[in-house]
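S.K.: Feature annotation from TrEMBL assigns active site, nucleophile to B:THR188. Annotation comment: TrEMBL describes B:THR151, B:LYS177, B:THR188, B:GLU274, B:ASN396 as substrate binding site.
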2 protein chains.
Amino acid sequence: MQEIEQQATEIDFKWPLGYSAGATKSGIKQNKLDLGWLVSEVPASAAGVYTTNQFQAAPTKLTKATISADQQLQAVILNSGNANSCTGKLGKQNALKEQNMIADKLNIAPDLVGVASTGIIGKQLPMAKIEQGIDALQLSDSIAVTEAVLTTDTHPKTIAVQLDLSGKQVTISGFCKGSGMIHPNMATMLGFVTTDASVDGDYLQQLLIDETNNTFNQITVDGDTSTNDMVVLMANGMAGNVEIDDSSSEKEKFALAIHQVLAYLAKQIAEDGEGASKLVEVNVKSAATELEAKQVAKEIVGSSLVKAMLFGEDANWGRIMDAIGKTDASLDVDHVNVWLNGIQLVKNSEPATFDLQPARDSLSEHEVVIDVDLHAGNSVGTAWGCDLTYKYVQINAAYE
Amino acid sequence: MQEIEQQATEIDFKWPLGYSAGATKSGIKQNKLDLGWLVSEVPASAAGVYTTNQFQAAPTKLTKATISADQQLQAVILNSGNANSCTGKLGKQNALKEQNMIADKLNIAPDLVGVASTGIIGKQLPMAKIEQGIDALQLSDSIAVTEAVLTTDTHPKTIAVQLDLSGKQVTISGFCKGSGMIHPNMATMLGFVTTDASVDGDYLQQLLIDETNNTFNQITVDGDTSTNDMVVLMANGMAGNVEIDDSSSEKEKFALAIHQVLAYLAKQIAEDGEGASKLVEVNVKSAATELEAKQVAKEIVGSSLVKAMLFGEDANWGRIMDAIGKTDASLDVDHVNVWLNGIQLVKNSEPATFDLQPARDSLSEHEVVIDVDLHAGNSVGTAWGCDLTYKYVQINAAYE
């Protein structure tokens, strides 16, 4: 991927105009924030992307149906500690109940309320606790909800940026959770982005799909796609800009800012992957298509052997070639080049002349960058991941 | 997969009629058997299957061209410690040189000689050592070649079976190496099966493709497909049976015996995967197609979260559902069932009623069996793998 143009200015995290939020300790988890909400003063244009896992969780299905009906949303209720997944009819009823309780509390239509859950699979939500929790929820400029969504994440992941659209200052604020739980069943990813920009709902949906493909869909921690993954983007128009739609002259500017927010959050998730000690970025260039560039980049960051090699801080490039060759992407089999932290390891598919020690030394850095040239076209793609460590095995095998 | 019918009788490992072999310490590795050969008295019908990795190694390409020309082979030269992969033109020349040296030594045509290598990627073969080693190679009923092919395998993997074809006793003998090396670049898999049966070459090739798809292609240790994978099957006809071809009444019997040999070797590789403490078998039934059954089975054995869970000996079935749902296989999303070592964990896609302790206790066994019912058809499929352990990370990160 090209250097991202920093069109939008990063600011300290806060909600855009017209949004407020709250969080509480409902008791799903022991003495931790585990239930929160995010509310816009007015209905917002909304877009969502959802897990491709066939066992979509009840809240994920409900939110998908709710948003896709009219591309509108005004509030989201979310919890950690329980995924409400593989929970059958009762699970669906419970997600609906949450939706209705929030609608009642805000005196808005239920189809303006999204529901998101993350946590253990196959257990029914403790509805008494959730009902009490919803009663207790309040609204303010607090950002505690960014903490209530976490599981084994080591810190909240937030970003806010500002840009100018048709002379109005627009704010975009995003937060998400990454992978792993204290009593985990699988990595679940949730992301929420709010903006006070005025944006056409259909355009917003297409933009979110496009940019998710370049960001969240290009990270991997362990190759497992959860049943609850969801990213929701809301735009309430309170900044007063001229509405952005597919024909707007400023749509590229807005899209770049959305990309900036999503890419930042995606990288944060990769960096804070279970047990991770390093953030890995793979940039593939000269691919035949963008899809193939992204495929090769993701194959490399997903390879267990590459991930273990990065943990071991060894410049064992054969594993990178192996991952490239495993794909069916077009490539010039005799002219592939690979760089590790700027040091060329492979030239024309054969060992380049390089000093092993500087290459190894560069691997002691927290961030590792792998560049690949497929010599097959003009497309580029990037993916992010982390290394494979003893701690990953420990978290997922010995977590009790 | 159905219970394999044991049509063929397992015997102590030995070469079939007309085959002999040898191995030597050529010096590629330090004071270890690292070069070997396998020779038939007469040209044999031959079949091969090869890695799908786009960076096929020089010996892999050469052997593929050699066998596919006329489905015949009389000898194979093999080495461990160096994969002759990503070695450019010189690598090709060196593989050709090995082929010609063996042809000269045996006084046969070069196109009757296969070449196989496994080991580090991106280093040229030490040809002086290999030439001396080839000079030193002798032929006998020794099975030392099954040791010369090993890398970090903890033991040789061999099997021999006998069956009766048209009144003649036929022997099938197979050996292979699995994944990992002391100074590893990636997992490489090599398999060699010899038989004294008389078999038509074209039929032999189709049979090997079919049965490899059900056996070797259904194992995974770490999801990485090497540049050197190869399985070669030779049939020299010295048992004197009526030739087996696609119209033979006994072809099923022979195919079952080949399946038995390949499945045994494949399971041995999974069981001896890098760092593995457990052999995992996943059986998927009631799938829409055999391909989808195999796809789902392989997704489950390949999931890092499932593998870590098995190492941790926890019956965390959400991860199994997650792996199933990640595929695009047809399934009845409300009627999927999962069993772990015979204990039903999931019934109709919801938690079954089961005692956690017996399920956990059963996980302390060396072999773990996961059964899945997709409720979508009548097809079955099986895959084999191993758990993800600290030792896997250690072998691949801290191997120096």
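Every residue gets a Cβ built from N, Cα and C, even glycine.
TrEMBL does not curate its annotations; it predicts them automatically.
Here the structure is a predicted model, which means the values were calculated and not measured.
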S.K.: Under a three-state reading of DSSP, tell me whether B:GLU274 (substrate binding site) is helix, strand or coil.
M.R.: coil
S.K.: Test of understanding: give the count of other CB atoms lying within 10 angstroms of the CB of B:THR151 (substrate binding site).
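M.R.: B:THR151 (substrate binding site) is surrounded by 25 other Cβ atoms within 10 Å.
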S.K.: With CB distance below 8 Å as the criterion, list the binding-site residues among B:THR151, B:LYS177, B:GLU274 that sit near chain A.
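M.R.: Cβ contacts with chain A under 8 Å: none.
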S.K.: Please classify the secondary structure at B:ASN396 (substrate binding site) using three-state DSSP.
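M.R.: DSSP call for B:ASN396 (substrate binding site): helix.
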S.K.: So, in DSSP terms, is B:LYS177 (substrate binding site) helix, strand, or coil?
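M.R.: In three-state terms, B:LYS177 (substrate binding site) counts as strand.
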